[in-house]
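Participant: Here's the feature list from Swiss-Prot:
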ACT_SITE  Thr8  active site
BINDING   Gly163, Cys166, Thr169  Na(+) binding site
Amino acid sequence: MREKIRSTTVICVRRDNKVVMAGDGQVTLGGEVLKSSARKLRRLYNDKILAGFAGSTADAFALFSRFESKLEQFNGNLSRSVVELAKEWRTDRVLRHLEALLLVSDTKSTYLVSGNGDVIEPDEGIVAIGSGGPFATAAATALLRNTKLSARRIVEESMKIAGEICIYTNQNVTFEELE
């Protein structure tokens, strides 16, 4: 029986025309931390698009490659690219078995993309994936609704809280920003 690789928390928050995405660095197999400094975020399409993943690293890299091809094909049109990626991911016999979730964002939109064909744009400009995603989402939602903190500070605090609660999330956090 194959043990499941568990990881991570990746979050994206939009506020005041700024987009901040962050991901922790922990990769866990069973009860063992395999790596504490994994990089789960990428800048794509001439640094105009942020992307993060949760799930299998090899699968995520395969998806990043496909997604970059879609961005080139559709001249950086994020919404069209994510819809086409989701369609291909769901219908392709090989891609269908990939185990990962993607968060992608530009200055106008943020999307969660899954292999089930889901393309979700969050209502409040907050979305998080991975085992710590629900904790980070809850913290970010409370901070966005009740404070004037910047998107960066909201993401920092949300990742800190997720790392304190989720055993598959650490405090070694990488950030990417767009304005």
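Yeah, the Cβs are placed from backbone N, Cα and C, and that goes for glycine too.
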Participant: Quick check: with Gly163, Cys166, Thr169 left out, which same-chain residues have Cβ atoms within 8 Å of the centroid of the Na(+) site Cβ atoms?
Facilitator: Thr9, Asp24, Gln26, Ser131, Gly132, Phe135, Met159, Ala162, Glu164, Ile165, Ile167, Tyr168, Asn170, Gln171
Participant: Non-local Cβ contacts of Cys166 (Na(+) binding site) (under 8 Å, 6 or more apart, same chain)?
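Facilitator: Looking at Cβ-Cβ distances below 8 Å from Cys166 (Na(+) binding site), excluding near sequence neighbours, one finds Thr9, Ser131, Gly132, Phe135.
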Participant: Can you tell me how far the Cα of Gly163 (Na(+) binding site) sits from the Cα of Thr8 (active site), in Å?
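Facilitator: Distance between the two Cα atoms comes out at 9 Å.
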Participant: Looking only at Cβ atoms, how many others are within 10 Å of the one on Gly163 (Na(+) binding site)?
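Facilitator: Counting Cβ neighbours of Gly163 (Na(+) binding site) within 10 Å gives 21.
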Participant: Cα-Cα separation of Thr169 (Na(+) binding site) and Thr8 (active site), in Å?
Facilitator: 5
Participant: Where does Cys166 (Na(+) binding site) sit in DSSP terms: helix, strand, or coil?
Facilitator: coil
Participant: Can you check what DSSP calls the residue listed as 'active site', collapsed to helix, strand or coil?
Facilitator: coil
Participant: Within the chain of Thr8 (active site), which residues six or more apart in sequence place their C-beta under 8 angstroms from its C-beta?
Facilitator: Gly23, Asp24, Gln26, Val27, Ala38, Lys40, Ala54, Ile129, Gly130, Ser131, Gly132, Tyr168, Thr169
